[in-house]
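Data first, discussion second: the structure below is written as structure tokens.
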Amino acid sequence: MRVKHKKWADPLIAAHPELMIDDATQFKGKWQSRFAKEQPLHLEVGMGKGQFIIGMAKDHPEINFIGLEIQRTVAAIALKKALEEDLPNLQLICGDGEDLQEYFEDGEVAKMYLNFSDPWPKKRHAKRRLTYKTFLATYQQILQDQGAIELKTDNMGLFEFSLESMNNYGMIFDGVWLDLHHSEENEHNVETEYEQKFAAKGQPIYKLIANFK
């Protein structure tokens, strides 16, 4: 969902280069220098307003997290939230998920998260889905060997497409859940804003974890 651009967003992003990067290409291969200490690097593509990535950074101080968001106002909202926390293991990027190879070196990322991505339901838009084969090829490059992807969605169509696309690509599934919130996997689940909304309506949340051979 597109959010109307707010005038305060750009000045806020510009005022906090220590936390949000506007030109991620300058740190390609050097992301560990942005953190207090060198640790495994996890990336969320499409962080939205930041609830998930901030929650993960709080729960896992032993991991360095990066959240990426293309919409500047949405990214600025996430930045506002992150500024309220003291998280030396969190960095944010205002950037495009299609440019990941320009942002990260091969094998620089240990794990990726795709949460409630745009399902692009029309068949002619299949190539825009973040689990289309061309995106998977990019993820395979920036991820370490056997690097994992975690995906959550409320959209069964996108979930089925992702399962098929990943299977056809030769990925291995470590877990598939058709009702996350009523499974043991939910015990340590960190929710997104969308996830809370959909779950409150009783909609099942689908999740998968897959890795490259």
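Yeah, the Cβs are placed from backbone N, Cα and C, and that goes for glycine too.
Swiss-Prot names Glu44, Glu69, Asp118 for binding S-adenosyl-L-methionine. Of Asp23, Asp96, Asp145, the residue it gives for the same site is Asp96. The annotation in Swiss-Prot ties Lys122, Thr192, Glu193, Tyr194, Glu195 to substrate, and of the candidates under consideration, Asp59, Asp86, Asp99, Asp154, the one tied to the same site is Asp154. The record gives Glu44, Glu69, Asp96, Asp118 for S-adenosyl-L-methionine. Within 8 Å of the mean position of their Cβ atoms, the other Cβ atoms in that chain belong to Val45, Gly46, Met47, Gly48, Leu68, Ile70, Gln71, Gly97, Ser117. Checked against Glu69 (S-adenosyl-L-methionine binding site) by C-alpha proximity, the binding-site residues Lys122, Asp154, Tyr194 yield Tyr194 as the nearest. Long-range neighbours of Tyr194 (substrate binding site) (same chain, six or more residues apart, CB within less than 8 Å of its CB): Gly48, Asn115, Phe116, Asp154. Of all the binding-site residues listed here (Asp154, Glu193), it is Glu193 whose C-beta has the fewest other C-beta atoms within 10 angstroms.
Max Cα-Cα distance over the annotated substrate binders (Lys122, Asp154, Thr192, Glu193, Tyr194, Glu195) is 25 Å.
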